[in-house]
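Taken from TrEMBL as is:
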TRANSMEM  51-75  transmembrane segment
DOMAIN    64-334  domain 'G-protein coupled receptors family 1 profile'
TRANSMEM  87-112  transmembrane segment
TRANSMEM  132-153  transmembrane segment
TRANSMEM  174-201  transmembrane segment
TRANSMEM  221-251  transmembrane segment
TRANSMEM  272-295  transmembrane segment
TRANSMEM  315-337  transmembrane segment
Amino acid sequence: MLALSHYNSSAPLLLPHVANDSGGKVEVRAAVEGLSHHENLTFEEPTAGGAFIVILSMTLGIISNIVALFILVNAYSLQRRRSKATFLLFATSLVITDSIGHVIPGALVLRLYLSGAARPQYVNSSDGMCQFLGGSMVFFGLCPLFMGCAMAAERCLGVTKPLLHSSLVTKRRAKICLSIIWLAALSVALLPCFQLGSYTYQEPGTWCFIKVLSDTKEVDVAFVVLFSGLGLASLAVALVCNTISGLTLVFARLRRQPGSHHSTKSHDIEMVVQLVGIMVTSCICWSPLLIFGLMSVIHSYTGTIGHSLSYYETLMVMGVRLATWNQILDPWVYILLRRTVLRKIYLIAKCQAGLRGTILGRWEPSSFPSSEKNDVDQV
């Protein structure tokens, strides 16, 4: 299959070479069959409805991230706890990265929709926009996964080893960690610049990603394995850390005797709940693309993709559509899973289920005090 570039009506057509010997007819027939097969792989023309969906998605993502950023910046300016301030620094950086990662690729995809999409022309070719869009997809895909992993590890240390956390985790080190995350994601995204992998247009020609479906080589397989492996490993580490943090908080609360002063901090509960929300969102949104990419490149490289090409193209489109929702849903984790909202949800659930006097009654509303009251107590 030919790599994709922008359609240009003035570009020369790929014509079969006609030989003068007796085998010329065979060459012409093979070339015509090849062109016929290539014609079947031409991308479908994107519709106006697709462009409208892109605009709607960008608008929703921008609004969501702005609201979440306002909440986080306001909380960060009022927060005096160092552990909470570190978490808010990570969370604010994540929202900013999500916002940029939603606008830049979205604008490029919208341009491809409006320009009529790219079409295959030259073997193993790709233009500058495709390279930039593919690199953006990889960079802004890995950054949230790395940050979610780092945040989960930081909270796990804070919940299980608070004294060690207070001596190791500082704002300066958190900023260094963020810089390392951005640098690591950028290094992976720039690998094709050193001929270690490649980006190509993907069905239906309105987005670019790592080459996974045709003419794949060892470097392409290695690139996809690296990208998907890092993403899945980040999700696995976040799952383990959040599970440990959650169980530690639950066991600490269950061991507390009724009527005694609760030792579990409300801000720890809030942060762990938000981290679980981020982890669940990332797993739902990114796991399909990471797994489908691995499946596609392995079948393509081994030559077993056969007549299932359209099936794997559909999987990749489904995967990238789910991945785009990560930048939209992440901000709502911070908007909805705040202490004030959690406290109201708990009170409503307690009234409806009649939990007073049960073991769940140990989770009093005081576990989720309002932010305003918490700020007054700190002063």
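From the backbone N, Cα and C atoms, a Cβ is placed for every residue, glycine too.
Listed by sequence, the residues of this chain that lie at least six past the ends of the transmembrane segment (174-201) yet keep a Cβ under 8 A from its Cβ atoms are 3-5, 43, 86, 89-90, 93, 97, 118, 120, 124, 126, 130-131, 133-136, 138-140, 142-143, 146-147, 150, 154, 207-211, 219-220, 222-224, 226-227, 230.
Among the listed stretches 51-75, 87-112, 221-251, 272-295, 315-337, the one sharing the most Cβ pairs under 8 Å with the transmembrane segment (132-153) is 87-112. At the 8 Å Cβ cutoff, the transmembrane segment (315-337) and the transmembrane segment (51-75) share at least 3 close pairs (sequence separation 6 or more) and count as touching. Tertiary neighbourhood of the transmembrane segment (272-295): same-chain residues 91, 94, 141, 144-145, 148, 151-152, 155, 159, 209-210, 212, 224-225, 227-228, 231-232, 235, 238-239, 242, 245-246, 249, 312, 315-316, 318-320, 322-326, 329-330, 333-334, 337, 342, selected by CB-CB distance under 8 Å and a gap of 6+ residues from either end.
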